[in-house]
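Let me begin by presenting the structure, written as structure tokens, before commenting on it.
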Amino acid sequence: MGNADFGYLSKANGDNNGVQRVEVPPPQPFLKSLHYNLKETFFPDDPLRQFKNKPASKKFIMGLQYLFPIFEWAPRYTFQFLKSDLVSGITIASLAIPQGISYAKLANLPPIYGLYSSFIPPLVYAMMGSSKDLAVGTVAVASLLVASMLGSEVNATENPTLYLHLAFTATFFAGVFQASLGLLRLGLIVDFLSHATIVGFMGGAATVVCLQQLKGILGLEHFTHSTDIISVMRSVFTQTHQWRWESGVLGCCFLFFLLVTRYFSKRKPKFFWISAMAPLTSVILGSLLVYLTHAEKHGVEVIGELKKGLNPPSITNLVFVSPYLMTAIKTGIITGVIAMAEGIAVGRSFAMFKNYNIDGNKEMIAFGMMNIVGSCTSCYLTTGPFSRSAVNFNAGCKTAVSNIVMAIAVMITLLFLTPLFYYTPLVVLSAIIMSAMLGLIDYEAAIHLFKVDKFDFIVCMGAYLGVVFANIEIGLIIAVTISLLRLLLFVARPRTVVLGNIPNSKIYRNIEHYPNANQVPGVLILEIDAPIYFANSSYLRERIIRWIDEEEDRLKSSGECSLQYVILDMSTVGNIDTSGISMLDEVKKLLDRRDLKLVLANPVAEVMKKLDKGKFIENLGQEWIHLTVGDAVAACNFMLHTCNKPSSVKEESEQWNNIV
């Protein structure tokens, strides 16, 4: 039941004054209650609603369309859609090819595997994904995570085959984890990665990736495997004698070109294609420059030979034996969560622009299946990167066919065009990565967090500094830990506020928020702003008693009528456990010893049900539970109209019975 549920209403027997009582909800069978709670937890969108009252054949077709959305929209596909998707697919292919090669190098994998990962996964997503705008491929952050986590166990240079097989295995486990979350409707796990966490984590990862590219920009052969800024800077400045000016000049020129084109496209959205084509243009120009000047003989490293042909099968290369199995599982789960969070966030962002909805759990199944299939076809982790999806969106894509067009373009490249990348300088790939990563450092979002919520800003900076000064895993752990700590603080230390009456109304609000609100003489009204659980029951007991002590001191110093009633507004108390009921019992006993009366206002149905089962209502007396704060205040005022307290609780109850 929601907070707006004011309980079940009935008129008391013999009630001639229209006084409404708060009734205890009728009992429900345990299985029915459990079914309701599970449904609200795991099926808030009620995906099975569409299957109700449908024949078996229709249910089968609808189930097939649910798992494979392509069967739903393909019959309505038109030639106009194809023209738009064709342009979008070719445009994102021009970005996907150089990015795929670049990000594979970032993951310490042979460049060809970046192209493999841009061929099979987009085809799987086109059949199973629900987003019209998401463009699937490898991402820099996941690539860096793979390099960092696997690199700590296996050296990619000394043992490249094992490293490659572990990358496939980590991708397999990432896919299994993602698909399992989707099938079990456990997408709520991703919700623990708050917006502030993602902003800080992405910014820190982007900073680390940029720093790692100094190896390529400066033409260094030996470089640290650590990702923290101190190790990277030490590695850079202890090798100043090995810096290659040719590589540095070339890298800075291409980085400047890429940043200028991106800035221009951002200022002039109609020319989005200029920024989209810039990476491929850089690869072509860089390759021509190296080929014509023989720069590879003067310290400019090139990609070298790329194998022709489509993805070879890799299912037999998956590693399921010790001691590397746990490393692959850990890498897969962490990279899978990050990739999934980014992909779903990007998909939802663009879906909002076009006014359609995407199913987060269905997206997780699609991501999981494309990574499972990808791990068996020589691909490493893929998701829906923001940069590629933004280009797809701006190019006017209509459906996921744009992913199919991109995959076909990559297939043609794999079959016929890979020799053309022989002379592509690595420094150009470094410039492409740096250009893409600078866009992920969202300092404007960090400033916004600082202005709106300082705690969110601390979470953001915790993630950023953890990634930059330690490593990616520690940064992520710091951010999630701070977020969970905040969540626990919200539960364990809920707000309690004093309510006052807005003049000339029956409305009661926080007196700090509304300074013109007047406190009711002899009555203290407290609002509890959270469910009452074992984690906060002790705190709430102490806080309520402190409010009472402070109010009595205030009344004594001002000479006003002494405090006689304490009203607890339970409107926002969505639930209560046995510890909470015990706390209310203790508060009532303390108030009885001080000749004060406890009154409850507006408890919701779930709370009423538990208070009744816990015998608290019987102990308190149902006449002291009211539908609204106004009703509670009216009842208390009737007792206080002479400012004389009844001599006993019994006499007070008799006076109350005269009201009703």
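Glycine too: its Cβ is placed from the backbone N, Cα and C atoms.
According to TrEMBL:
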| type | residues | note |
| --- | --- | --- |
| TRANSMEM | 134-151 | transmembrane segment |
| TRANSMEM | 163-184 | transmembrane segment |
| TRANSMEM | 196-214 | transmembrane segment |
| TRANSMEM | 243-264 | transmembrane segment |
| TRANSMEM | 271-292 | transmembrane segment |
| TRANSMEM | 333-353 | transmembrane segment |
| TRANSMEM | 399-417 | transmembrane segment |
| TRANSMEM | 422-441 | transmembrane segment |
| TRANSMEM | 461-485 | transmembrane segment |
| DOMAIN | 513-636 | domain 'STAS' |
Key: Recorded stretch that, among 134-151, 399-417, 422-441, has the most CB pairs under 8 Å to the transmembrane segment (333-353)   = 134-151
Request  = Verify whether three or more Cβ pairs under 8 angstroms connect the transmembrane segment (134-151) with the transmembrane segment (163-184), leaving out any pair fewer than 6 apart in sequence.
outcome  = yes
Task = Using DSSP, break the domain 'STAS' (513-636) down into helix, strand and coil residues and give each count.
result = 63 helix, 21 strand, 40 coil
Ask   = Is the count of Cβ pairs under 8 Å between the transmembrane segment (243-264) and the transmembrane segment (422-441), pairs 6 or more apart in sequence, 3 or more?
value = yes
Remark   = For the transmembrane segment (196-214), the distant same-chain contacts (Cβ-Cβ under 8 Å, at least six residues beyond its ends) come to 106, 140-141, 144-145, 220, 223, 227-229, 232-233, 236, 338, 341-342, 345, 430-431, 433-434, 437-443, 445-446, 449, 453, 456-457, 459-468, 472, 475-476, 479-480, 483
Request  = Within the domain 'STAS' (513-636) only, compute the mean pLDDT.
outcome  = 91
